[in-house]
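Since the structure comes first, as structure tokens, the remarks are kept for the end.
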């Protein structure tokens, strides 16, 4: 449904205004939204969390941190979901919601934060796809003729082709089922081969490595990665695709995401760390031993799943460009195809260039969590809910929301410093366009 500032009766005696958009909204079931959210949690990024979360935090910090991050993220996301129709208007974009509550400056600031967040996530997906593509190449031809930047460029091209072919988020349809199958392939392979290696291996070292100062920075950076694990930074955009009753249906999708949806991720993260300890790679499939064809299948699945996931996280950017330039009607019309080739192709080209320039995946996770996920998902969500529902909250609830705002603001600053330090160190150890 393409809508243009019209009023929609939701069957509860309330008229809800729907903003203009070139993309389809109000057409998906809560289950499809749940699959979009679950795809984000179980994307190929899960192959990195054993190395980027568990190694810096250890068993106690990693397990407790992931469980706490799950609970806190569920709470923060429910706050945003409940505000979707606040004030009699459907807020189909994160910036629309912030602007409605705070005003124009907050609208612009949220827009910048969100798009930086999504851009860095998408750079990470391109790095992931390129790394997996390189892993397949090395399995069969380890001659170093092709370097990581070459594989990142190929991955970017694949992402661009997919972006041109799928016009909007709701059009993913069957691709969400494909994404789930792909996720299961690399997760099952990683778990089975890790268990096989772990049973055979001698005792592992689970100590957190480094000096006290470096431990402090790596632990802080890992805390930012923890919040990156569970949060999309685009919940209103996903909720926009859901049928009425939109809040009730989105709550179902969130409960599915944070119960059933997190189980595969927990399994691969904990088993991977158990098998390899402090030597766990930021890309788990680089650690596992097994038949070449099995490892190749897992890596190819990770490549293709990253392409689908990138399209999900790039969809708010695509929606803005399509709406701004009035790209509506038949997606296969020549005008619309040419526009997607130019606009989306250009966006992915820039993302690919940055990914090849600085291919430090763990650092991207930490920096994204620090500068975007903390502010968007925790600071903004708590304060927006406090401001919107101020008259309905008791003193204790108000105090809790303010404590959350202050705590996560401090965490955001600390994590950003830690992430920038990691990037600076990696930049000294590796040149640009590094072959990691």
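Just so it is clear, glycine is given a Cβ too, placed from its N, Cα and C backbone atoms.
According to Swiss-Prot:
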| type | residues | note |
| --- | --- | --- |
| TRANSMEM | 29-49 | transmembrane segment |
| TRANSMEM | 52-72 | transmembrane segment |
| TRANSMEM | 118-138 | transmembrane segment |
| TRANSMEM | 151-171 | transmembrane segment |
| TRANSMEM | 172-192 | transmembrane segment |
| TRANSMEM | 216-236 | transmembrane segment |
| TRANSMEM | 254-274 | transmembrane segment |
| TRANSMEM | 296-316 | transmembrane segment |
| TRANSMEM | 345-365 | transmembrane segment |
| TRANSMEM | 366-386 | transmembrane segment |
| TRANSMEM | 405-425 | transmembrane segment |
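Between the transmembrane segment (366-386) and the transmembrane segment (216-236) there are 3 or more Cβ pairs closer than 8 Å, counting only residues 6 or more apart in sequence, so the two stretches are in contact. When each of 29-49, 151-171, 172-192, 216-236, 405-425 is checked for Cβ pairs under 8 Å to the transmembrane segment (296-316), 172-192 comes out on top.
Among residues of the same chain six or more beyond the transmembrane segment (29-49), those with a C-beta under 8 A of the stretch's C-beta atoms are 124-125, 128-129, 132, 169, 172, 176-177, 179-180, 183, 186-187, 190, 225, 229-230, 232, 238-239, 241-243, 249-250, 252-254, 256-257, 260-262, 264-265, 268-269, 272, 282-285, 302-303, 305-306, 308-309, 312-313, 361-362, 365. Beyond the transmembrane segment (405-425), the same-chain residues lying 6 or more positions past its ends with a Cβ under 8 Å from any Cβ of the stretch are 216-218, 220-221, 223-224, 358, 360, 362-363, 366-367, 369-371, 374-375, 378-379, 382-383, 386. For the transmembrane segment (216-236), the residues of the chain that approach it from at least six positions outside its boundaries are 37, 40-41, 45, 49, 52-53, 56-57, 61, 65-66, 69-70, 72-74, 76-77, 80-81, 84, 91-94, 96-97, 114, 117-118, 121, 208, 210, 250, 258, 262, 265, 312-313, 315-316, 362-363, 365-370, 372-374, 376-378, 411, 414-419, 421-422, judged by C-beta separation under 8 angstroms. Sequence-distant neighbours of the transmembrane segment (254-274) (same chain, 6+ residues past either end, Cβ-Cβ under 8 Å): 30-31, 34, 37-38, 41-42, 46-47, 49-51, 53-55, 59, 62-63, 66, 70, 73-74, 77-78, 81, 183-184, 187, 190-191, 194-195, 198, 204, 206, 229-230, 280, 284, 287.
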